[in-house]
Amino acid sequence: MARRADSFCLISCVLVSFVISVSAVTDDSQDKQVYVVYMGSLPSSRLEYTPMSHHMSILQEVTGESSVEGRLVRSYKRSFNGFAARLTESERERVAEMEGVVSVFPDINYKLQTTASWDFLGLKEGKNTKRNLAIESDTIIGFIDSGIWPESESFSDQGFGPPPKKWKGVCSGGKNFTCNNKLIGARDYTNEGTRDIEGHGTHTASTAAGNAVKNTSFYGIGNGTARGGVPASRIAAYKACSEMGCTTESVLSAFDDAIADGVDLISISLGANLVRTYETDPIAIGAFHAMVKGILTVQSAGNGGPNPGSVMSVAPWILTVAASNTNRGFVTKVVLGNGKTFVGKSLNAFDLKGKNYPLYGGSTDGPLLRGKILVSEDKVSSEIVVANINENYHDYAYVSILPSSALSKDDFDSVISYVNSTKSPHGTVLKSESIFNQAAPKVAGFSSRGPNTIAVDILKPDVTAPGVEILAAFSPLNSPAQDKRDNRHVKYSVLSGTSMSCPHVAGVAAYIKTFHPEWSPSMIQSAIMTTAWPMNATGTAVASTEFAYGAGHVDPIAAINPGLVYEIGKSDHIAFLCGLNYNATSLKLIAGEAVTCTGKTLPRNLNYPSMSAKLPKSESSFIVTFNRTVTNVGTPNSTYKSKILLNHGSNLKVEVSPSVLSMKSVKEKQSFTVTVSGSNIDPKLPSSANLIWSDGTHNVRSPIVVYTYSVSD
């Protein structure tokens, strides 16, 4: 990697979609590489079934070797069935044809993808927010990431009792690694130990579930109390990622253990830069089996934005999170010798104490740069310059290794004009400062966008949450600029990316679960989506529509009392996969039970909280229907009336039947149909509306999106 820049997060966790390495992970033998063999659910009757023995016998059969210990890399045997092994191409083909095998796919490398953010979300510190601390303390969040820094104050167990009795995990963190009553579990799949070398896993865990730690800042910038959304909850760290990335077999091992260990939620801030079909996507596979066990998986959408179709988390049983800003931002001012001041973006902790230096706008190398402030279109980290002023191509502040400020194009051009027209141009770069009341929430440019390219009638991402300039715990082993030339080490740092928004929503999901511990993953996901803050398009391009933010911006306070929820069970997801033409044999293995695909189940009729349909381009006029069922989780004897709000100037006609739902009791279910019609849809933009069910207290909102747009357009 040219820039260690968060092996997981390019430039402070953003701007890469947390790429995967295209080549497979290989061993020393050139004709063998590691493949994952996915075999679905474990047999329901396991008295006479030993997964590892079965896996070894399969390897012996396909390789013709009696001793295959050197071939077997991992055996998945706790929560689902499968293994990872070193195989030749011909051996892979033979395994893929064997009875009981769902899929075989290469072991590729995945890469990983706050003082003010929780206040912005409405979850205030201490007694200012309603909490159920007894249940919160019994809630366990599993983080599949780069490990954790156990000594951080964010993970102190002061005031914590023993781990919940349901916990079945272990503390296998490696040498000099100790768990406690806050950080109750640790497992490592990288042979490095669970200690976080990068800082990414520490940051995500503390964002969701870290203790409240006062007087934290980044060198005095952003000073305040750093805390997670559910600070009384417990943490289990599953290290599947090293500096080189996160292998498929490690990610699946982490899911296998986390499910069996008894976590209540899984937060996973990593992904690929290639969308994978569900049966070859380790996160989709692990999350499916987690869902079956009542565990919700929250995943980052990816950092491939604003490109359409860049969202990598596309399974409906995963809650997919985009990234947006908050009302707080970090800015760095540039003051020129003529007295003009420009406000740019960066996280500059260096203080030049107002001293002016010569400005240089020429070549970016050579002795002429020494002792000067370089004015260049690109960010330069030369050690001989005093500071750097560059043009801002991003919408976030990055940690710099020298005084730096990224200006808007107009402001940058003004500085260049000053340099070129002045005999002795000079100026200075000030230390960064916090600003509040900036326009928010706005989806970040780097946040991956829809449409969903695997299941085109499932809207992704699902929601957006704070993921820009988030202050949280960090590993002292890495530098804040994530650059080997940066000799600084900090306990708290600022990162941006969907990696940061994901644990915010994991924290919100845990918060909901503390009030509704019996709720299923789909009920929690529905509550988050249908109570989200509405967002409007910030531009005219497809990347500024629901494909950017899904149902809207997460609202944790409203989500604990949604009124109605859209429930989806295992059988519903299997029917959904039937509709995507998965065969019954594979689905039987995945489900662990007999599956019959009856008729043509339309994927858009999955009981999802949002409604989306891709239309054929050949049809100038259309009629499309969505079938949905809601469950009353509000009050008995309540009447919900439907209302339709059109978005983005769309001219859709939307009818709801019935238009009124009368709920006599809690847990009562009622079904309805939404019929959408129209003509001549803009091929470059989705047409959308919102369906709102309201009883006067609850407003249960679902986006409706129809489109003809294709990523290839």
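Backbone N, Cα and C define each Cβ position, glycine as well.
If you look up TrEMBL, you'll see 1-24 marked as signal peptide.
Taken from TrEMBL, the feature domain 'Inhibitor I9' applies to 34-113.
Per TrEMBL, the feature domain 'Peptidase S8/S53' maps to 137-552.
The active site, charge relay system annotation in TrEMBL covers D145 (among others). On its own chain, D145 (active site, charge relay system) has L112, D196, H200, G201, T204, A205, A237, Y238, K239, A240, C241, S267, I268, S269, L270 as residues at least 6 apart in sequence with a Cβ closer than 8 Å to its own Cβ.
Marked as active site, charge relay system by TrEMBL: H200 (among others).
The Cβ neighbour count for S499 (active site, charge relay system), using a 10 Å radius over every protein chain in view, is 35. The active site, charge relay system annotation in TrEMBL covers S499 (among others).
Feature annotation from TrEMBL assigns domain 'Subtilisin-like protease fibronectin type-III' to 605-706.
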Subject >> For the domain 'Subtilisin-like protease fibronectin type-III' (605-706), residues assigned helix / strand / coil by DSSP >> reply: 1 helix, 62 strand, 39 coil
Original post:
What does DSSP give as the helix, strand and coil breakdown of the domain 'Inhibitor I9' (34-113)?
Top reply: 21 helix, 24 strand, 35 coil
Original post:
Including all protein chains shown, what's the count of other C-beta atoms within 10 A of the C-beta of H200 (active site, charge relay system)?
Top reply: 33
